[in-house]
Amino acid sequence: MKIKALAKLKPEVGIWMTTVDKPEPGHNDLLIKIHKTAICGTDIHIYNWDEWSQNTIPVPMVVGHEYVGEVVGMGQEVRGFSVGDRVSGEGHITCGHCRNCRAGRTHLCRNTIGVGVNRTGAFAEYLVIPAFNAFKIPAGISDDLASIFDPFGNAVHSALSFDVVGEDVLITGAGPIGIMAAAVAKHAGARYVVITDINEYRLDLARKMGVTRAVNVAQQKLEDVIAQLGMTEGFDVGLEMSGAPVAFNSMLKNMSHGGKIALLGIPPSDMSIDWNMVIFKGLVIKGIYGREMFETWYKMASLIQSGLDLDPIITHTFPVDKFQEGFDMMRSGKSGKVILDWSI
């Protein structure tokens, strides 16, 4: 049986609609009928066929890793799931036998394989993944929200890496993950949550999500905002989401002594920073990759169930046959999360 899929078919700019064989689940796998998928920044890198993509993505391959769907089949060894379960899933498939996996730190597996990056992805009518990677979506959480659990998980992992209760938090980079991280920090009890960017559309989205201040650093100095808020010692927690050297250096400059930074944005490999600030301020910098399995996933569901409203971050939905419009919208920078509906 042939099914529809979006794939990287050629080593050039673009994503293409194609048909592929319907996948068959192995002994420990789930077969998921995809309802909705979301376009990730990684998918845009793949679309643009940048240097990272050229060195990483096998061609041809079905891409995509943000999704929600319904279990329609499973392998004979699977336990804990039933046909009809609504699921999303962890996009990092881990080996299970390295030291970190065996110690319960699976998000630090050195042999991680990415769904839609190193193996067949979720931009298709059906997806097969290991049952271990699937997460049941609680009733009351919409398909739209469930489809963005992967990037929401990056935001939660970053925002909750350090204690933010009563603290002042700076987020550099108002992409969807940065905006969601800001909302999580505010929901979790931070005092001031300030986010910076140069994209006014996304700064407006951040304002809708309840940040204290959304600062266009092309028009306003972060130091002026700090003074207006009456802050005297800098930010306690920093979440670097942009990968922009100028943003990270600004963060270092405006951190309090003893401040803690979660680093999710991927900077150029030759980025230069003032290490004197790190040393003499006693700053802590923690690299963030993916989501903690599966602590972050349970926190995601609980945050939404406790009233965290992520609806404003989803700005556009397209039927999958209009996927090109969705990718164009994401590439324009004039969107939050863009969803492709496979049920239409």
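Positions of Cβ are set from backbone N, Cα and C atoms, glycine also.
Spatially close to Cys40 (Zn(2+) 1 binding site) yet at least six residues away along the chain are Gly64, His65, Glu66, Asp150, Pro151, judged by Cβ distances under 8 angstroms. Mapped onto three states, the DSSP output places Cys40 (Zn(2+) 1 binding site) in coil. Annotation source Swiss-Prot lists Zn(2+) 1 binding site at Cys40, His65, Glu66, citing sequence analysis.
The active site, charge relay system feature in Swiss-Prot is assigned to Thr42 (among others).
For His45 (active site, charge relay system), applying a Cβ distance below 8 Å and a minimum sequence separation of six or more within one chain yields Trp52, Ser53. Per Swiss-Prot, active site, charge relay system is recorded for His45 (among others).
Look at Swiss-Prot and you will find Cys95, Cys98, Cys101, Cys109 tagged as Zn(2+) 2 binding site, backed by sequence analysis. Mapped onto three states, the DSSP output places Cys101 (Zn(2+) 2 binding site) in helix. Less than 8 angstroms from the CB of Cys101 (Zn(2+) 2 binding site) sit Thr94, Cys95, Cys109, each of them six or more residues away in the same chain.
Counting every protein chain shown, 20 other Cβ atoms lie within 10 Å of the Cβ of Gly265 (NAD(+) binding site). The feature NAD(+) binding site is assigned by Swiss-Prot to Ile177, Asp197, Arg202, Leu264, Gly265, Ile266, Ile288, Tyr289, with sequence analysis given as support.
For Gly265 (NAD(+) binding site) paired with Cys98 (Zn(2+) 2 binding site), the C-alpha to C-alpha distance reads 26 Å. Candidate binding-site residues: Glu66, Asp197. Fewest other C-beta atoms within 10 angstroms, Asp197. Geometry remark: Arg202 (NAD(+) binding site) versus Thr42 (active site, charge relay system), CA distance 18 Å. Tyr289 (NAD(+) binding site) and Thr42 (active site, charge relay system) have their C-alpha atoms 13 Å apart, to the nearest angstrom.
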